[in-house]
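Enquirer: Handing you this structure, nothing more for now.
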Amino acid sequence: MLRYPYFCRMYKECLSCWLESGIPNLGVWPNRIHTTAEKYREYEAREQTDQTQAQELHRSQDRDFETMAKLHIPVMVDEVVHCLSPQKGQIFLDMTFGSGGHTKAILQKESDIVLYALDRDPTAYALAEHLSELYPKQIRAMLGQFSQAEALLMKAGVQPGTFDGVLMDLGCSSMQLDTPERGFSLRKDGPLDMRMDGGRYPDMPTAADVVNALDQQALASILRTYGEEKHAKKIASAIVQARSIYPITRTQQLASIVAGAFPPSAIYTRKDLLQRSTHIATKTFQALRIFVNNELNELYTGLKTAQKFLRPGGRLVALSFHSLEDRIVKRFLLGISMTERFNLSVRQQVMKTSQLGSDHENTEEVSMRRAPLMWELIHKKVLSPQDQDVQDNPRGRSAKLRAAIKL
């Protein structure tokens, strides 16, 4: 059985990043998250320390690092490097190292720098470790989430106000999407996992835990809020009906359940920015991934950490890939804040309306507040990929780049 205190703690620690003024009524969270004994044994077998996992991967797959790095094509590389404008002797933080594409481009522009390479994914951390061997004076690899970055930096001796530039390349990497065992893609069958760092936290709920345990109203709220899915109720109903017959454990199984809620003609009617057909379950997968990995709250915490550790005049560059991320970045840079007293994210609202919520949780309504301006925008308008970039890397078609200088 899933260790319940972890689930409580994960949601109680969330900072609000859902910056809309309206908060949906989410219904009641189930009394506990159910997992089978088999799932528990699987979790127990996978328990390892963070560093050991990364080191073993490094030793066993050294010759495959170049191949892994090529799986992920960095987005808007020229724009990122231009906005960061690296100069000799400067110090940078890449908060989303991934396969290192942006970091390598920064080093090509100016090699006499120090760059801290952070990622929550042990696979990406192993790549950063490998790159640090090639650039021992420049690269400092770090493993952790945005919410852990401040502690990691302080432990490494980095003080607030140190960095000349910080990069955040948000969302899911191609390495994650293209590995069926990670459970991110609906096009490749695999276990319904979606955790970016599940090996580090065996008790962390998977996407399968979410779809098999939450009630219909909570599922619909997750799909509506994090996937901006207008058919959230219909999809949630289909999920609940399907799981009453058999557990939902595979990615393509979930994709088929979502598709089954619509007529065949509607499955590929949605179009992406390139006018290509997309599966009707795409937004469902996005919503579950964001929810499982706590991405929006992590983003908000990461932005605050970036601001704290940038020096005055330091540059922040953020690449987002859907409107939820971009909205948070935009409002943060514009100084539109919501004090913790008034913050109620979807997760916090779930806690408040369920038996998991504590008696002292704040129930006041959300109130938008504008904080003192802390940033000067480098570009007044958001930047998007050039046509050639989209042709070379269609996955980056929805990228939006915002950059600002700390005042």
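Cβ atoms here come from the backbone N, Cα and C positions, even for glycine.
If you look up Swiss-Prot, you'll see Gly100, Gly101, His102, Asp119, Phe146, Asp169, Gln176 marked as S-adenosyl-L-methionine binding site, on the strength of similarity to another entry. The phosphoserine feature in Swiss-Prot is assigned to Ser358.
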Enquirer: How big is the S-adenosyl-L-methionine site in terms of the longest C-alpha to C-alpha distance among Gly100, Gly101, His102, Asp119, Phe146, Asp169, Gln176, in angstrom?
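Expert: Result: 19 Å between the two most distant Cα atoms.
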Enquirer: Neighbour count first, Cβ atoms within 10 Å, every protein chain included; then name which of Gly100, Gly101 tops the list of binding-site residues.
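Expert: Answer by Cβ density within 10 Å: Gly100.
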Enquirer: Within 10 Å of the Cβ of Phe146 (S-adenosyl-L-methionine binding site), how many other Cβ atoms can be counted across all chains shown?
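Expert: Phe146 (S-adenosyl-L-methionine binding site) is surrounded by 24 other Cβ atoms within 10 Å.
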Enquirer: Judged by the number of other CB atoms within 10 angstroms, which among His102, Gln176 is the least packed of the binding-site residues?
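Expert: Sparsest of the binding-site residues His102, Gln176 by Cβ contacts within 10 Å: Gln176.
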